[in-house]
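Visitor: To start, I am sharing the structure in question, which I have written as structure tokens.
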Amino acid sequence: MKRNSLSFSVSLWLLFTAVMLQAVESAKGRYAHMLFNELFENYSNALRPVEDTDKVLNVTLQITLSQIKDMDERNQILSAYLWIRQSWYDAYLKWDKDKYDGLDSIRIPSSLVWRPDIVLYNKADDDLSEPVNTNVVLRYDGKITWDAPAITKSSCVVDVSYFPFDSQQCNLTFGSWTYNGNQVDIINSLDSGDLSDFVEDVEWEIHGMPAVKNVITYGCCSEPYPDVTFTLILKRKSSFYIFNLLLPCILISFLAPLGFYLPADSGEKVSLGVTVLLALTVFQLMVAEIMPPSENVPLIGKYYIATMTMITASTALTIIIMNLHHCGSEAKPVPHWARVVILDYMSKIFFVYDVGENCTSPKREKEEEHKLDWDDGCQRRHKEVRSHLSNRNDDCDLNEKLNGNLNKRYGIHGENVRESVNCCSCYKMLIRNIEYIANCVRDHKANRAKGIEWKKVAKVMDRFFMWIFFIMVFFMSMLIIGKAA
């Protein structure tokens with residue numbers, strides 16, 4: 001019985017509390033309607049709400065940055081999502097809260113009260129629509145607080161000299177459009193914009209949003225016009241551009257010097273240079289589509305231009321070196337200075353050797369000595385044959401002379417004489433043919449040696465320019481990284 005009576009008492013108390021709260025709310029609702037009717041019975045939102053027209057109305061401004069929607073570098077427009085809070089005191093919207101059962105604030109549509117015409121001076125939007133008509137909070141002492149969200153598009157001077165490692169400063173200037181400083185004054189609520197509710201952006205980092213009040217006297221008017229400028233300091237997140245624009249360019253640029261290492265007989269040296277040049281042109285066009293058409297060339301654009309110039313020079317040098325490589329038997333011999341500087345010194349510096357030649361293998365030296373011995377033996381045998389044939393030729397000449405004397409003196413004619421004459425003529429013809437063949441072989445070896453020398457000169461020059469361009473690419477990459485840092 002006691003437990004049932006206790007539960008009944010609790011239920012009755014809860015029911016009584018709910019009825020009382022509903023009654024209080026109903027009472028406050030009635031007081032709010034009564035207050036609203038009394039306040040706006042003779043109120044006009046067209047005039048500045050001050051009792052003395054010479055008195056300045058202070059408007060407190062606070063900007064909260066919620067999100068950066070877009071940063072259009074090409075058109076130099078910053079799109080941001082802001083919360084704009086304005087507060088001021090209306091001299092005609094005050095009441096005694098004790099008369100209205102302690103009602104200290106009401107929320108009414110903003111279109112019913114006077115609002116300061118504070119606008120974004122550097123607006124870059126084609127939309128001329130009115131601000132969002134959100135409710136205002138009206139307090140008993142006449143203080144009005146108006147919170148309104150806004151998506152703003154403001155002009156921003158973009159400096160892309162160090163793209164993609166650049167920082168930008170975009171200004172958001174707010175001020176009254178028609179009221180001068182003697183009528184409406186703007187006061188900073190904080191020393192900077194509020195970034196507590198900022199949503200992190202995938203491309204930009206926020207390094208601050210300081211606020212500065214300016215009082216400017218324009219040429220058209222003698223009255224001062226105050227404004228508040230919020231400077232949004234942005235730092236670009238460069239990881240995306242490093243992996244998609246810069247790193248491929250560096251890798252492609254390192255392919256250009258390898259064109260000098262490619263054998264000339266492959267026929268792909270010029271094709272490699274042209275292909276690399278076209279690839280860099282595609283990346284250059286991608287950067288040009290993002291950047292504004294200004295005189296400030298971005299850092300990555302300078303790197304592309306320098307790399308393309310280097311690849312163009314390497315392709316031109318490759319064509320010249322290929323002409324040296326394909327110098328044939330009709331070419332002039334290698335000059336003495338080129339033989340000394342290029343073939344003797346530079347070939348050893350850049351480790352350029354003939355086909356099959358090795359600077360550390362003694363086998364090659366033995367083969368060269370064997371070749372020289374074989375050539376000396378061939379030359380000795382050739383001299384012996386020539387001396388033997390010349391002796392036989394002398395014998396033939398002696399026999400011809402003796403036979404001629406016998407023929408003249410004794411008139412002897414026979415087969416022995418004819419055989420001796422035929423044998424001597426055969427030896428003479430054989431000697432002429434051998435000498436012709438030897439001269440042809442000697443000329444062929446000389447021409448072949450001349451072509452081999454030009455090929456080695458081309459190979460040494462290829463290796464020289466390969467290292468030169470490798471060093472250039474390396475220093476260019478370090479330079480752009482250093483400037484970025």
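The backbone N, Cα and C atoms fix where each Cβ goes, glycine too.
These numbers come from a predicted model, not from an experiment.
Positions annotated as signal peptide by TrEMBL: 1-26. Among the features that TrEMBL reports, domain 'Neurotransmitter-gated ion-channel ligand-binding' is placed at 34-237. What TrEMBL lists as transmembrane segment is 240-263, 270-291, 303-324, 464-482. Residues or ranges marked as domain 'Neurotransmitter-gated ion-channel transmembrane' in TrEMBL: 245-480.
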Visitor: Counting only residues 6+ away from its ends, which parts of the chain sit with a Cβ under 8 Å from the transmembrane segment (464-482)?
Guide: 246, 250, 253-254, 256-258, 260-261, 299-300, 303, 306-307, 310, 314, 317, 321, 346, 350
Visitor: Please give the sequence-distant neighbours of the transmembrane segment (303-324): residues at least 6 beyond its ends with Cβ less than 8 Å from one of its Cβ atoms.
Guide: 246, 249, 252-253, 256-257, 259-260, 264, 269-270, 273-274, 276-277, 280-281, 283-284, 287, 297, 454, 457-458, 461-462, 465, 469, 472-473, 476, 480
Visitor: Please work out the mean pLDDT for the residues of the domain 'Neurotransmitter-gated ion-channel ligand-binding' (34-237).
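Guide: Computed over the domain 'Neurotransmitter-gated ion-channel ligand-binding' (34-237), the mean pLDDT is 89 on the 0 to 100 scale.
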